[in-house]
Amino acid sequence: MKIKVKLPDGKEKEYDRGITPAEIAKELGIKKAIGAVVNGELWDLKRPIENDCELRLVTLEDPEAPEFYRHTMAHILAQAVMRLYGKENVKLGIGPTIENGFYYDFDIKNGRLTEEDLPKIEQEMKKIIKENLPIERKEISKEEARELFRDQPYKLELIEEIEGNRVTIYRQGEFVDLCRGPHLPSTGIVKHFKLLSVSGAYWRGSEKNPMLTRVYGTAFAKKEDLDNYLKFLEEAQRRDHRKLGPQLELFMLNTEYAPGMPFFLPKGVVVLNELMKFSRELHRERGYQEIFTPLIMNEQLWKISGHWDHYAENMYFIEKDEERYAVKPMNCPGHILVYKSRTVSYRDLPLRFFEFGRVHRYERSGVLHGLMRVRSFTQDDAHIFCTPDQIEEEILGVLDLINTIYSQFGFTYRVELSTMPEDHMGDEAIWEKATTALKNALERAGLSYKVNEGEGAFYGPKIDFHIRDSIGREWQCATIQLDFMMPEKFNVTYIGPDNKEHRAVMIHRAIYGSLERFFGILIEHFAGAFPTWLAPIQVAVIPISEKHNDGAEKVARRISQEGFRVFFDNRRETLGYRIRQAQTQKIPYMIIIGDKELESGKISVRTRTGKEIKDVDPEHFVETLRNEVLSRKLELSMEG
């Protein structure tokens, strides 16, 4: 029987049913093929093709290639661990690819792997790569799979969850794994890898299950790419907010008494207050009204909103006086209550409510991560209530606000629009009108965007913003979400020109997203060296010796009177030590006062990067600092 295969150049060829991509690659003279994409699905090079299809061969240069070779590298890792620690002592979890790498989970009898074990595992992996073992894909019955994995309890659990009676396994030498693929044709194709770290991970992510050992690694087709990625990781580690935050006395974490709930220290509160001040200024200019809603509200509110049915496991509850309350996980129901506290006319719209709202959401302890994944956080939440005809202009206003805020920190960003899913609520005509309004606003703002068809929330289309930091990482932050569900549930209406009630449109939006998470991103983006307007201490005044204290204190007082944050460092430490401390604390400016400065009335300024400017008029410095802070410059003015 023949099948038709359509190739990337548009040509259609006939082949015998069961032909493999490897055979097609040979016919086409493509010697470097490592796999294929068949009807959009990643496909092993030696896997038979049974039906008509579109086919594109994959080489190591193609964007799909990492999925093949990193998946295979995860199997090589598992094979190496089983060789080193004994098949009878190693129970296998799962070993998927992840962004920029892979991992495998192990349950090892009488012990756990540590990072000291990684070098010897790497050596064993190199042996397996050198052996260049053929990798074979095979479909077997569940009964055969149960027998094959009879000593692997985690695999047996997975087998039972697979639909149908057939499962896929992969074999390389003596190693066999339950896997859907895809994989390389053999173990020797990609040689450039590195094991990165070891951590604990609960089986299936549940704390009720055993704790396994997770080994992370990465792999690249070229050594140069691997080396560059390892340098990137080193730089990311240097910027890690979990390390810099405590070092710079910005925040602390206490996992014993408040896991996932950061404590902000005085210097960290300065930064948070500056972030909120900046945001408030922009919101006031754009007609937002700031409100403040309760932290705890009756359970009935959350039943109406739907959180009770769909989000209860992530909420915290309190029972008092035979009434049950919930600590709010979101701000929207509270904002709706404010809206509904009076009759709203179409002439009042749009109404823009804004709040720095503290919310609490339960997260498993295993996924908590510094300020990036917490249980208690503050959202810069706003809800816009408007008519359907006002959607486009309101979205355009939000887009401008987002651009203004992100530009202030030097972030570039990309935009994604997610549209109506199959299981949507509400009238399709309303969806169409709303989606068109979002597209029009994006285009009027001059923003290019990617459309994720069918990936919107069931209650409305949304726009997501992914900011790019100074070392190229992306963070999803701002969201603009149209909501057709909450106005229905809470009967959110306005009185129209016809003196009748009409359903209002509700737009959710956050820009920082989580204030705590955005703070963490900024720490890493700036490597702790905040622009002067954000810096907890803006100027350190350092007398050279005790006899210079009085003169230096006058300088410190003068600068402080102008509203700047000044640290007068007259500690009985060496001058070099105090300068190094100021640099370690990443204070933008240091003023050094000695005999020469006291005699001349001038000051010597040193920036945190080490640049020295002598004979500076104090008033000129104050004016320069004022302009730098008021304009919220990213760079230090005196380094220009």
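The count begins at 1 with the first shown residue.
Quick reminder: no glycine exception, Cβ is built from N, Cα and C everywhere.
Among the candidates Cys332, Cys477, the residue that Swiss-Prot annotates alongside His383, His508 as binding Zn(2+) is Cys332. Mapped onto three states, the DSSP output places Cys332 (Zn(2+) binding site) in helix. Listed in sequence order, the residues of the same chain lying 6 or more apart from Cys332 (Zn(2+) binding site) and placing their CB within less than 8 Å of its CB are Ser305, Asp381, His383, Asp483, Met486, Met506, His508. Take the CB of His508 (Zn(2+) binding site) and look out to 10 A: across all protein chains shown you find 23 other CB atoms.
DSSP states for the domain 'TGS' (1-59), grouped as helix (H, G, I), strand (E, B) and coil, give 8 helix, 27 strand, 24 coil. Its Cβ placed at the centre, His383 (Zn(2+) binding site) has 24 other Cβ atoms within 10 Å.
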